[in-house]
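A.B. asks: Below are the structure tokens for one structure; questions will follow.
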Amino acid sequence: MLAKRIIPCLDVTGGRVVKGVNFLELRDAGDPVEIAARYNAQGADELTFLDITATSDGRDLILPIIEAVASQVFIPLTVGGGVRTVADVRRLLNAGADKTSFNSAAIADPQVINDASQKYGSQCIVVAIDAKRRSPEEAATRGAGWDVYSHGGRKNTGLDAVEWATEMVRRGAGEILLTSMDRDGTKSGFDLALTRAVSDAVNVPVIASGGVGSLDDLADGIQTGGADAVLAASIFHYGEHTVGEAKARMAARGIPVRT
């Protein structure tokens with residue numbers, strides 16, 4: 001079995017790292033460059049940087065901050081938020097990103113995933129999916145499952161999350177970053193049923209995101225959810241745990257990690 005990755009996530013707005021609950025109630029967590037350097041030193045396998053209001057605000061990519069973060073980080077860096085075009089991929093790669101993450105733009109124009117992966121290779125094209133479990137009323141008419149939300153979780157697209165992940169991989173996505181909006185920031189653990197459903201449906205790595213409150217939650221995402229990597233923010237940002245502690249817990253549970 002390949003080593004499983006632990007990926008701290010920097011949600012950035014206004015040039016600061018923030019963390020919310022269910023995509024709302026944002027709380028300041030610090031300077032992105034300082035935090036990125038800390039995770040690099042702690043032995044994180046990768047880092048994900050998401051400009052969480054770029055799309056909803058209609059803003060351009062914040063290249064100076066991305067360049068500053070990339071200069072401090074010597075592990076793979078994924079950048080998302082406001083990535084709209086194939087040209088944006090080139091700009092981010094030039095700024096120091098290793099992978100770029102599409103979300104709302106892929107929903108508006110799925111062909112961008114074909115075009116970007118053909119030009120730069122699927123290994124650097126990630127599709128982020130923000131998914132929310134259907135309400136009992138919706139499930140009664142459409143069946144149980146999860147819908148895809150766009151614009152920072154503000155808009156229900158009506159797309160089924162598992163079907164959307166499958167289509168994105170078919171179009172060339174090399175990785176799926178799967179966030180449970182229901183669990184985001186709640187510290188109640190991943191939505192393991194969602195993680196498992198998508199992991200079983202696609203043949204590329206799935207990164208589980210949304211809800212980590214303990215080190216065992218990370219291991220559960222791999223062992224029960226079937227994820228290839230686990231992403232967390234709150235438990236790392238506020239000093240509750242280090243990446244090293246997370247790797248030690250995963251190793252103790254029999255999960256291969258990079259040491």
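Each residue, glycine too, has its Cβ placed from N, Cα and C.
This is the feature table in Swiss-Prot:
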- D11: active site (ACT_SITE)
- D130: active site (ACT_SITE)
A.B. asks: Note down the number of other Cβ atoms within 10 Å of the Cβ of D130 (active site), including every protein chain shown.
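C.D. replies: The answer is 27.
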A.B. asks: Tell me the Cβ neighbour count for D11 (active site), meaning other Cβ atoms within 10 Å of its Cβ, over all protein chains shown.
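C.D. replies: Neighbour count, Cβ to Cβ under the 10 Å cut-off: 25.
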A.B. asks: Looking only at C-alpha atoms, tell me how far D130 (active site) is from D11 (active site), rounded to the nearest Å.
C.D. replies: 14
